[in-house]
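Colleague: Sharing a structure with you now.
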């Protein structure tokens with residue numbers, strides 16, 4: 001059990017990060033804080049992908065004479081890395097749209113606090 | 001003559017009239033011409049089917065598959081033809097009568113009225129000629145929707161409330177029917193009507209059979225006005241009288257009982273009905289409906305509402321005949337479809353004529369009206385006597401066969417119900433006749449004469465027809481021959 | 001793989017994330033989020049994902065930070081929670 | 001041969017126009033509308049051609065981008081199902097875009113170029129989601145379509161940006177959950193290609209990672225598909241967005257998500273794996289059932305037409321998901337048919353609400369009266385058709401999907417869901433007849449008090465481009481109903497293996 005917990009500690013940190021992100025999105029009233037929570041949440045997912053690609057004793061998937069690797073299994077899996085490049089870009093795009101909406105909301109209601117916003121909407 | 005497409009034409013002819021009716025909305029005479037023309041053509045088309053039906057032939061027409069293995073199928077078997085004759089024949093009279101009534105009453109939105117009426121008739125004929133349950137279902141729902149504008153025609157609060165009630169009842173019924181049809185399909189793999197039923201080889205559990213039957217009963221029983229799901233019918237009397245007459249004496253409610261007979265004898269079949277005791281369930285429901293509806297009829301002062309409760313009762317005569325599961329009982333039941341139609345439509349026409357002419361709706365106001373409206377009231381007497389089962393009116397003939405069916409099945413209870421309800425019928429019609437003929441009318445009757453000929457002539461014709469078909473059930477349309485032929489095919493397959 | 005280093009990074013990561021969410025001043029939150037992203041980039045690199053680390057450093061720490069600062073500049077940096 | 005390139009051509013068309021429209025917008029801004037319509041037309045043409053090829057017997061097309069075969073490369077799969085869905089969504093989008101010209105001028109005058117460009121991106125995302133054969137690629141397209149829809153919803157009335165922001169937060173969580181699920185599957189199978197993975201999953205049956213992955217993916221897609229209880233974002237987004245945006249997103253967006261769910265549940269995992277550990281189809285079925293009833297009841301409580309339609313969407317999406325959860329042939333037919341039917345009906349209803357909003361400036365049901373029928377006779381005919389179809393009256397389209405779903409529940413002896421279908425039809429009847437009654441029967445308040453005569457009303461129908469699109473879709477509802485045997489016989493060829 002201890003081995004399981006320790007051996008997968010990256011998973012646990014991922015889960016904690018996801019939880020923090022969710023907390024930010026659900027509990028915080030400020031819309032910017034919600035966005036920050038969103039960003040943390042997405043980072044958690046990216047971290048998860050990167051950690052599933054990493055192995056003990058393996059090296060970066062770069063062919064180089066300085067890191068002689070005899071077996072292919074000693075390289076890390078590069079595929080999740082490439083996927084995460086896309087995911088990071090998607091995340092930034094999401095944040096961009098979010099900020100555009102935030103600015104519009106602020107211009108219309110002069111507040112970014114959800115409670116005040118709901119009162120003003122009514 | 002090639003008859004294959006006649007059922008299709010018969011269904012479509014009034015539908016085809018709808019655009020013409022809508023387009024000529026500014027010219028009432030032209031508009032009504034289209035209605036009458038469609039009615040006559042439809043009736044003639046149906047008449048051409050009689051010889052084949054008498055031979056027991058069935059004309060089948062498979063149009064196209066609306067779902068895999070489930071075609072839109074029109075089938076003019078004798079029973080369908082029988083119902084189609086009644087519905088399309090009476091449509092012509094109703095059209096004439098409607099013209100008199102709507103103009104006499106200066107109703108608005110007459111175009112919508114006539115258009116909906118035409119769609120209703122298409123759906124009714126479609127129901128009559130449906131070859132399978134899915135086709136039946138489609139026309140059944142079409143009828144529901146097409147009747148709605150007629151029920152709410154006057155657009156006052158009462159009518160709108162009646163319309164809502166009508167929709168609530170009939171749409172629920174349609175859904176139950178969908179469920180029932182779906183279950184039937186998954187059990188048997190077919191939905192075609194067959195004399196003697198389609199459950200022949202299927203093993204049914206008791207619960208399944210009973211719940212399926214109750215679903216069907218809920219589905220078609222609402223339109224047939226069986227208790228306790230009848231209460232939309234009296235409310236729907238808020239509609240103009242021709243609507244009550246045709247739809248609540250002929251088309252809608254008769255499609256309900258038509259559906260019940262189809263379900264009992266063409267889907268379940270006598271054997272399955274007997275095996276699971278389904279006929280007993282149906283018989284008890286019908287018996288209770290007859291008695292309770294007759295008693296409730298006493299309590300109504302509004303003439304149309306009294307007629308409505310009388311309709312509820314008489315529909316259950318037909319259901320009772322179907323529930324007996326005997327050849328004579330079924331014959332009587334089918335005969336009562338046409339008999340009740342002619343008599344009840346006469347009575348509704350009379351009620352409408354009185355309303356348009358004298359603006360009287362309540363029975364207590366009818367004192368002495370026979371002096372100003374002799375023809376109308378004479379017809380009323382014939383109709384009510386027929387409903388009570390007195391010879392020589394056609395109501396007597398059908399009741400006779402119902403009684404014979406009871407004896408054939410060796411059942412006592414239905415016989416008692418028939419006798420009691422006959423007396424109750426006399427009981428609730430007699431006061432009306434008594435007031436009309438033997439009490440002195442008030443001053444407001446002075447200066448009034450008979451209603452417009454558009455209304456009186458149909459009244460007299462339908463009343464005469466009741467008498468003629470009472471004396472000669474086989475005249476013109478061979479009602480008796482058809483009915484007994486249908487009963488034979490259903491029970492021969494046992 | 002230096003798992004001790006990784007573990008320390010993880011704890012800093014969590015700390016910065018929580019501070020970013022809890023600070024009263026949104027500018028502080030933004031700075032913390034930028035640090036969070038930078039730590040992330042380091043973490044990815046130690047995990048062998050060099051390319052993801054670079055991208056995160058540029059996009060996560062750089063572009064996101066700038067976007068947030070611009071957004072806050074356009075709106076308000078005050079918050080009650 | 002053009003036929004084999006169709007899977008790529010459809011999304012590329014949208015991508016090209018998404019780039020072209022802003023560029024050409026610099027030159028002449030008002031032409032953006034025509035470019036968007038042109039793009040949608042071309043894409044619809046490709047979809048129709050592809051589906052025609054499929055019907056006339058051609059095989060499933062597996063298109064490998066750049067010639068790289070999976071698992072290395074990304075593939076697009078054009079089989080019967082994806083071809084069908086692509087055809088449906090592109091056709092609907094085409095009609096909605098044609099319809100949008102005047103609404104665009106009225107509701108977002110300065111943003112036309114951006115709007116149509118984003119609309120093209122939205123369609124790119126949706127088409128990509130449907131066509132792709134790669135789980136991660138699906139995520140990318142999901143995010144493209146989501147980002148586009150946040151932007152489109154944000155362009156709307158005053159409250160729209162906040163609704164869009166909430167949708168953004170919830171939607172991104174959904175996308176992330178989906179991605180997490182994909183990660184779990186990747187650790188187990190080592191591939192992201194749907195077909196490869198489907199072949200490998202039976203070997204690793206019983207692995208707890210698979211169950212986790214399934215739960216995460218269903219939750220993530222469920223958010224996008226507005227599966228109860230994850231539907232919270234939908235009503236606000238649909239009702240505050242611009243008429244055109246809701247007409248574009250409502251019929252297509254949730255449908256595509258439901259399609260993805262269908263792919264994942266029935267094609268990727270297959271029924272056996274899914275139910276091996278936890279009865280997840282039952283859970284989805286129950287959630288769908290609750291969603292159907294909840295959506296219908298909430299729809300009854302609304303007084304704004306668009307909001308009512310939004311809740312009705314929650315309910316209708318439940319039908320599709322219920323069909324998936326039944327996991328039998330009838331359920332599958334019902335679900336796929338309902339994707340088509342509901343897309344048509346919702347498009348029609350939202351276009352009608354767009355017509356009314358343009359003419360009357362509101363869609364408040366309590367203000368509807370008899371005058372609407374006189375002013376907009378044909379719009380109201382279209383509305384009536386769609387409404388009756390929603391209620392499920394034969395022979396309109398809506399009846400048949402309900403019919404197959406009902407047969408599916410009967411086949412599973414699932415009487416609970418059968419009664420849900422029946423009850424919800426009644427509830428649909430309640431909220432649609434309430435409107436029909438007002439439109440056809442209620443005396444207008446503009447009655448002249450002195451004379452008692454209704455102030456003279458003449459037909460004031462919307463412009464032809466709007467009227468015809470609405471009417472054609474309404475006619476489509478009837479046509480699909482009557483011709484559904486052909487469609488169903490095509491759907492039958494799309495059954496996933498094992499059904």
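For all residues, glycine too, the Cβ spot is worked out from N, Cα and C.
Heads up, TrEMBL stuff is auto-annotated, nobody curated it.
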Colleague: For the annotation transmembrane segment in TrEMBL, which listed range does it cover: B:435-453, B:454-472?
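Modeller: TrEMBL lists transmembrane segment for residues B:454-472.
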Colleague: Which residues, given as numbers and ranges, are at least 6 beyond the ends of the transmembrane segment (B:6-26) yet have a Cβ under 8 Å from it?
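Modeller: Counting only partners 6 or more residues beyond its ends, the transmembrane segment (B:6-26) has Cβ contacts under 8 Å with 34-35, 37-39, 41-42, 45-46, 48-49, 59, 61, 63, 74-76, 80, 84, 88, 91, 111, 114-115, 118-119, 121-122, 125-126, 129.
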Colleague: Would you say the transmembrane segment (B:311-331) and the transmembrane segment (B:454-472) are touching, if the rule is that at least three C-beta pairs must lie under 8 angstroms and be 6 or more residues apart?
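Modeller: Result for the transmembrane segment (B:454-472) with the transmembrane segment (B:311-331) is no.
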Colleague: I'd like to know if the transmembrane segment (B:311-331) touches the transmembrane segment (B:208-233) in this structure, counting it as a touch only when three or more C-beta pairs sit under 8 Å and are separated by 6 or more positions.
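Modeller: Yes, the transmembrane segment (B:208-233) and the transmembrane segment (B:311-331) are in contact.
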